[in-house]
Amino acid sequence: MQPEGLPSSIHSREMSSSSSSSSSSSSSSSSSSFSRVNIVLVTVALLTVSWTSHAQLSSSFYDESCPGLPDLISTVVARAQLSDPRTPASLVRLHFHDCFVDGCDGSVLLDGSETIVSEKDAAPNKDSLRGFDVIDDIKSQVESECSGVVSCADILALAAEASVSLVRGPSWDVPLGRRDGTTANQEGANKNLPSPIDTLDVLQSKFSAVGLDDTDLVTLSGAHTFGRAQCKILSSRLYNYRGTLSPDPSLDSSYLAILEENCPRGGVGTTLNNLDHATPDAFDNNYYYNLKNGQGLLQTDQELYSDTSSPLTSIIDQYASDNGTQFFENFVVSIINMGSI
């Protein structure tokens with residue numbers, strides 16, 4: 001489902017310093033630490049800007065109102081990573097899950113209430129989406145320096161960049177100026193977020209629906225170069241692939257044996273597996289080597305390399321052929337594209 005107000009396509013592979021605003025929604029509200037911005041300000045904004053227009057994002061958006069914002073956020077993320085190496089991957093996933101549901105509006109952070117059916121409780125998020133405590137910490141630090149200025153959606157985008165660059169990935173100037181939503185869309189989260197058992201056609205459809213192309217799909221999937229996944233997500237792939245009562249035949253046999261040992265039939269579903277078995281906490285291009293060797297952890301990962309005649313395969317081959325330079329360059333473009341939904 002295309003988010004309200006989303007242009008028919010996101011900007012091309014050429015990077016742009018400005019892009020569409022995430023939503024015509026107004027300022028943030030959260031029953032945790034996220035403060036409600038005065039509704040009068042929203043009304044004024046809506047009167048002065050047509051609902052069909054899209055405010056331009058800019059990496060300098062907070063240069064005067066909150067100088068030093070990226071460094072502040074990077075410091076909090078680095079501190080959190082010291083106590084939990086999974087933090088960077090978790091924060092990137094938060095940004096992704098925010099943007100794919102009605103655009104990057106911070107709605108994934110909203111707790112449930114009498115008027116809000118929280119996205120946190122959607123099937124793709126419940127008991128797996130992490131990093132909320134780190135975002136709360138960032139928000140608290142930001143509010144102490146620049147009260148009522150920085151949107152939660154922008155905090156998510158900056159935290160994602162800080163996370164990637166912290167673990168040897170690329171760094172980029174994050175376009176800023178998003179507005180926070182005041183409501184959530186749990187139904188949209190259930191419908192629009194990619195599932196670990198989606199076919200390639202479904203994956204392409206879900207990305208296309210938000211203005212992202214096949215290169216974005218392959219490139220953003222490369223964020224699975226770090227992080228973890230629970231055994232319950234892998235169960236059908238290991239023991240009943242598409243109703244066959246057999247494992248996914250695309251799995252490398254030695255890798256299958258490792259996964260079966262870690263995730264035995266009927267075992268503990270919450271046991272964790274590294275998305276990248278070689279360098280699980282580093283942001284690199286090893287994910288693409290894994291796909292070429294039949295060692296993608298998730299079914300949706302290996303689906304990207306399932307058709308050797310597909311253009312996706314050539315992108316993966318390219319990303320795996322060097323030290324990560326092309327992947328890093330394209331990842332910056334693709335995550336900016338996603339951050340502009």
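Indices start at 1 and increase along the chain as displayed.
Even glycines carry a Cβ here, placed using N, Cα and C.
Small disclaimer: the values here were computed from a predicted structure and weren't measured.
TrEMBL lists ASP276, THR279, ASP284 as binding Ca(2+) 2, and of THR215, THR219, THR225, THR325 the one it places in that same site is THR225. According to TrEMBL, the residue from GLU64, GLU119 that belongs to the Ca(2+) 1 site alongside ASP98, VAL101, GLY103, ASP105, SER107 is GLU119.
In TrEMBL, CYS66 is paired through a disulphide bond with CYS146, chosen from CYS104, CYS146, CYS152. The binding-site residues recorded for this entry are VAL101, GLY103, ASP105, SER107, ASP276, and the Cα of ASP276 lies nearest to that of CYS231 (disulfide bond). Here the disulfide-bonded residues are CYS231, CYS263, and the one ringed by the most other CB atoms within 10 angstroms is CYS263. DSSP assigns CYS104 (disulfide bond) to coil in the three-state reduction, placing it in neither a helix nor a strand. Mapped onto three states, the DSSP output places CYS263 (disulfide bond) in coil. Using Cα positions, the member of the recorded positions ARG93, ASP98, GLY103, CYS104, ASP105 nearest to THR225 (Ca(2+) 2 binding site) is identified as ARG93.
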